[in-house]
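According to Swiss-Prot, the protein has these features:
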type	residues	note
BINDING	113, 117, 123	Zn(2+) binding site
C-alpha cells in the first residue's frame, strides 16, 4: 500500500509528522494496508476544504475531513482502498483549542477517520458514528 502525504497549506514543521500520519492511515486500513492500493493524505486550509465540500458534497461550509474512494485501476483490485483523504489543518487548530487537546492529535484523528471511511466504515447513524469514534480512538492509542 502506498500512502502519500501532502501539505497543501502552511503546517508548522513540528506538526509535519508524516510517518505518524502514515502509521495511522495504515492501521485504519487494516487488512487492506498490505495489499495494492494508493491513498493520498492531503492537508489543506479552511478555504480549500470548503471549496471541496461545496463542489463535491453540496455542503456550503468547511469541515474537518473528507474522503473520496476511487475505483482501483488494476484488474482484480476492486474493493481495495484507493483514494484521497483531505484534512483541514485550520479546523484541526480550532477544534484542538475547543476540545482541549493537541493540534497534532486532532490532525491524526481526522486522518484515521478518513482512512476508516476508505476501509468501508460509515458514520451516517449514531450507532455507526459511535463505532467509528471507538475504532479511531483504539487506533490512535495503538500507534
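A Cβ is built for glycine as well, from the same backbone N, Cα and C atoms used for every other residue.
Since the structure is predicted, the reported quantities are computational estimates derived from the model, not experimental observations.
Same-chain residues that are not part of 113, 117, 123 yet have a Cβ within 8 Å of the Cβ center of the Zn(2+) site turn out to be 65, 67, 114, 116, 121, 122, 132, 136. DSSP classifies residue 123 (Zn(2+) binding site) as coil under the three-state reduction. Cβ contacts within 10 Å of residue 123 (Zn(2+) binding site), excluding its own Cβ and spanning all protein chains shown: 16.
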